């Protein structure tokens, strides 16, 4: 019995040696793998973010996302605040900033230094300060939907998410938050008017015939359609530095043969103009603003030889009110 017990010892010793050898081999392989990994080029955080963004965007159709276009002039502080706010909006694919500060470098380096950012922001330096610069066919535009926002307007994320869902149901119309109307007179001259929500019980509410593009969604195909308009339309906008939004309503109404836009009642939309340090005020403050826009309406009627704008009283709200029946001006 003692002899048999002694005979089993060499086998156990051999097993221990094999185990030790295996551990040594595994350790060497791990060290080699670590060394090879160290030799590989490092992947920066911003590159990884870009890669994840590309993979994410590839999984979405062009109807599931939109591009924000924002034209700006002399409001860098406010611009950075707005860009930071809109970064968190779901379904936002890209931001295009139309930089109208001629002779001044766009703040792309400053913006990038505050990153990384989940949504890419592209600054488009312009050679002339024109109102219609924002209506170019940008090669970076890859989505069907455009969200156009003025550089002093902050729209809440819930409002944008809801309005985008409405636009997906009506992709041939402007879907936005600021309605306006044209008013005809007995002399046949048109004037530009605001939109007043009326008190309940006073009818189905006021009517609008335009939805301003400075806080709206619309189809990117209309940017190309705008470029094909008569030269007189472009000249009117350049001469007045105004009315590109009125022209877009004319163009779309004429193209689709119905009301150009759908009014979505905003819950939380603010004008931040007073928060900028530049001291620059929007053109709507000018005394001649309303007269100039009335002039544009009549001029466009002459150019197109018709009045394509049509009235609507439909208001779509997150809270289910079907008509514009609240007494206040928008």
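Counting begins at 1 with the first residue displayed.
Keep in mind that glycine also has a Cβ here, set from the backbone N, Cα and C atoms.
Record note: Swiss-Prot gives 71, 75, 129, 134, 150, 151, 152, 244, 245, 293 as UDP-N-acetyl-alpha-D-glucosamine-binding, and the candidate from 100, 268, 313 in that site is 100. Swiss-Prot assigns the feature transmembrane segment to residues 23-43, out of the candidate ranges 23-43, 44-64.
With the fewest other C-beta atoms within 10 Å around its C-beta, 152 stands out among the recorded positions 151, 152, 244, 245. Note on the binding-site residues 71, 100: the fewest other CB atoms within 10 A surround the CB of 100. DSSP assigns residue 71 (UDP-N-acetyl-alpha-D-glucosamine binding site) to a strand in the three-state reduction.
Taking only the Cα positions, the spacing between residue 152 (Mn(2+) binding site) and residue 100 (UDP-N-acetyl-alpha-D-glucosamine binding site) is 14 angstrom. Largest Cα to Cα distance within the recorded UDP-N-acetyl-alpha-D-galactosamine binders 71, 75, 100, 129, 134, 150, 151, 152, 244, 293: about 24 Å as a whole number. Proximity note: of the listed recorded positions (244, 245, 293), none has a CA within 10 Å of the CA of residue 74 (N-linked glycosylation site). For residue 74 (N-linked glycosylation site), other Cβ atoms within 10 Å of its Cβ number 15.
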